[in-house]
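According to Swiss-Prot:
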{"type": "BINDING", "residues": "HIS41, ASP108, GLU119, ILE120", "note": "Mn(2+) 1 binding site"}
{"type": "BINDING", "residues": "GLU80, ASP108", "note": "Mn(2+) 2 binding site"}
{"type": "MOTIF", "residues": "124-139", "note": "motif 'Nuclear localization signal 1 (NLS1)'"}
{"type": "MOTIF", "residues": "184-247", "note": "motif 'Nuclear localization signal 2 (NLS2)'"}
Amino acid sequence: MEDFVRQCFNPMIVELAEKAMKEYGEDLKIETNKFAAICTHLEVCFMYSDFHFINEQGESIIVEPEDPNALLKHRFEIIEGRDRTMAWTVVNSICNTTGAEKPKFLPDLYDYKENRFIEIGVTRREVHIYYLEKANKIKSEKTHIHIFSFTGEEMATKADYTLDEESRARIKTRLFTIRQEMASRGLWDSFRQSERGEETIEERFEITGTMRRLADQSLPPNFSCIENFRAYVDGFEPNGYIEGKLSQMSKEVNARIEPFLKTTPRPIRLPNGPPCFQRSKFLLMDSLKLSIEDPNHEGEGIPLYDAIKCMRTFFGWKEPTVVKPHEKGINPNYLLSWKQVLEELQDIESEEKIPRTKNMKKTSQLKWALGENMAPEKVDFDDCKDVSDLKQYDSDEPELRSFSSWIQNEFNKACELTDSIWIELDEIGEDVAPIEHIASMRRNYFTAEVSHCRATEYIMKGVYINTALLNASCAAMDDFQLIPMISKCRTKEGRRKTNLYGFIIKGRSHLRNDTDVVNFVSMEFSLTDPRLEPHKWERYCVLEIGDMLLRSAIGQVSRPMFLYVRTNGTSKIKMKWGMEMRRCLLQSLQQIESMIEAESSVKEKDMTKEFFENRSETWPIGESPEGVEEGSIGKVCRTLLAKSVFNSLYASPQLEGFSAESRKLLLIVQALRDNLEPGTFDLGGLYEAIEECLINDPWVLLNASWFNSFLTHALR
């Protein structure tokens, strides 16, 4: 190919192409196709300009080379082929004298007749694809684009071809000749296939086969293939683009990009009001389990059988009393509901054969607690659209709540280790490939760090409760079914253990849509006295139902046992996600993996073993008012898992909004820390968007308080 180029092109063009490749550090002995492409492009630019002049009247004329005429001015200024510094000098000079807008990229020519810069393209592919790439890269309506192909096709901005038919035909003929000459030497196929879209300096990673098809399928709308998208991304200029878009929107909008300095950000304002309350679907750190070890009773594994067996392990039941009423509820109904559960469990035990499921009698207290007949009657819109005062019922704004320390305590507890194992090591077949070996090694190390974690208990508890509730909602739609809240684990010694946390009673559940609500009453055992933090238990009615003997350093002590009762609701879509809470393990494992990968790429070897076994090393876990908290790799695993689990337990629109908006501020602060001199506009609007998500959700308020700690330390 190199020999062909030297024979086929004018020596001046070859010399300019050599210079250009040298400037970009490319070897023409290796990049022979690129060498040919640069020469072709240069020749087309020169042919475009050749013989075109402007006469004294300012008209464009064509003068053949033998016509000596010194008074004529060249119609086109050639920018292509000059070294970069000189080329920009020419561009700046043209802009200063003609008032043309300065282009972001070096164009190829300037047309003095039409007063516009021109970008010339020569492509071995389809002209419209290459045209799009050029347009996406340049993003300027002022620069005119003209694309030629080796097949005689052309495409230009607004179909304005600038030159006369004959001049363009000369260029097309020359390109066709080059193609034939290459083909006769067996060089054309390689040259045609080597075009990589809008050229950038760095090497492209070629994608082929299935990955190529998948890449083309997963593009945003309006992009036909990965090259188009790459060209668009390569030429993307965020600041100019934002300012330009805003000025298009309205003449009044003026986006001034302000520098973002250490003194710029202020803390996020947390709302004032009464303290926030517990809103998870089941108790977390305050739950109490009635457990049986090595269960082998008849019907073991059937929830109702397991629950009755667990209930029999406790002998301290007493007459229940309300110790913390629910402010807005009818508390005697909650009391009667618990008594009814006890009675109906007694009735089951006296039966000859215990049933697999238990439907509660539809008593007045349960009907009240489950909101039976409380929903307003639904009327078809067509039947009432003529009603003159038809309106949607008013809904009150949610009351603002302030941050409360109990949610930080909940999170700390979720990161702790328990004395039980909550997940088994998945038994997966022999590793076949080295990468599988590394993956299973990482999974095993990670599992060992989190299998005892309380957050893992919450996962298994959540999966069980949501699965049982969704099953019952579909199988017994009209029944008030009693659903035991159960989990299974192993002791440190490896003995199996079944735990009962309490019960759920499900209301009517004709769930047609994903968001249709099923009401339920939850009744959960606890040793936590609700009077210590009454604000946390605002939505609960708490009963004292027994006394439990506990072993302590000073012997056995008796502690009151409480029952936390509340009405709650969930939907098919929420239960579906609750059933998939095991995904939290995967998410946190992937976060740990990216840390290992970063370490491995620095050391140029797999660092999995060192990562988990080097106990002396500490890692950043989070930020507290005292500064950056650090801990062992196990603590990092458990903290990441707890965050993922709490995102699932406390999922809400407030969390979605806060996460999305605060992330923007986080990225700006990180850019500042990395000395990237970030600029912003409408920072006040961003703070507004963040703060409108801070209403009453405890997990969102905790995240906001963490974010403020991060801001304080990041900007010191």
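Each Cβ is built from the backbone N, Cα and C atoms, and glycine gets one as well.
Note that the structure is a prediction, hence the values are computed from the model and not measured.
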Task: Other CB atoms, at most 10 A from the CB of GLU80 (Mn(2+) 2 binding site) - done: 22
Open item on the list: Which secondary structure state does DSSP assign to GLU80 (Mn(2+) 2 binding site), in the simple three-class scheme?
Closed with: coil
Open item on the list: I'd like to know which of these binding-site residues, ASP108, ILE120, is least surrounded, judged by other CB atoms within 10 A.
Closed with: ILE120
Task: Non-site residues, in chain order, whose CB comes within 8 A of the mean position of the CB atoms of HIS41, ASP108, GLU119, ILE120 at Mn(2+) 1 - done: VAL44, CYS45, GLU80, PRO107, LEU109, ILE118, GLY121, VAL122, HIS146
- [ ] Could you put numbers on the helix, strand and coil content of the motif 'Nuclear localization signal 1 (NLS1)' (124-139), residue by residue per DSSP?
- [x] 12 helix, 0 strand, 4 coil
Task: Where ILE120 (Mn(2+) 1 binding site) sits in the secondary structure, as DSSP reduces it to three classes - done: strand
Task: Predicted model, mean pLDDT over the motif 'Nuclear localization signal 2 (NLS2)' (184-247) - done: 73
